[in-house]
């Protein structure tokens, strides 16, 4: 976020290549780090603190000395583990025997879902994704809404059959027409079964959720178009 110059060695001229404005500086991503007192002994900032301090003071000799001390301590610790037969177990990485590489245990390689994923962050070294779960909430709520409608529908059908039976004379052997047109059994429902049961739409909350999803989808499409324009 500072000035960058291009120095032409042939003629000694210097040219301004990048000079961020105050607005650009305000828009930079905020850096979030674990507080120093909460870091473990092997986290980089704490582990290399004396080397970093010497570098910041411009003391190259002290920095080199502290680096040598640190590396020697690590070699001694590794030697002691070998002698004692102690296996080193990393907290956040695993060894892939196929590729002979170390892989992060909690890597998330799934595509980013702009309709459900809000932000990605690290907590205690573990990568996590904050999600809306909006689609899940809608699905669950829709299922509950439909089930409630089915229950009321079955109750109505039962009442209709009871009235139909009580209205018929006991010596009447033929079926008579009933004013009830409700089906007597309800099978599993599809998304369009609301129309079949006589209710065109679900509850108001479902409608709000659907409208909210449409607004999010529209906003995402607008952002994608803007990104494509910027890329071009």
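For all residues, glycine too, the Cβ spot is worked out from N, Cα and C.
Sequence annotations record features per position, and here TrEMBL assigns compositional bias 'Basic residues' to 151-164. Residues or ranges marked as compositional bias 'Polar residues' in TrEMBL: 167-188. Sequence annotations record features per position, and here TrEMBL assigns region 'Disordered' to 58-84, 142-191.
Sequence-distant contacts of the region 'Disordered' (58-84), counting only residues of its own chain at least 6 positions beyond either end whose CB sits under 8 Å from a CB of the stretch, comprise 47-48, 50-51. For the region 'Disordered' (58-84), the DSSP-based tally of helix, strand and coil residues reads 25 helix, 0 strand, 2 coil.
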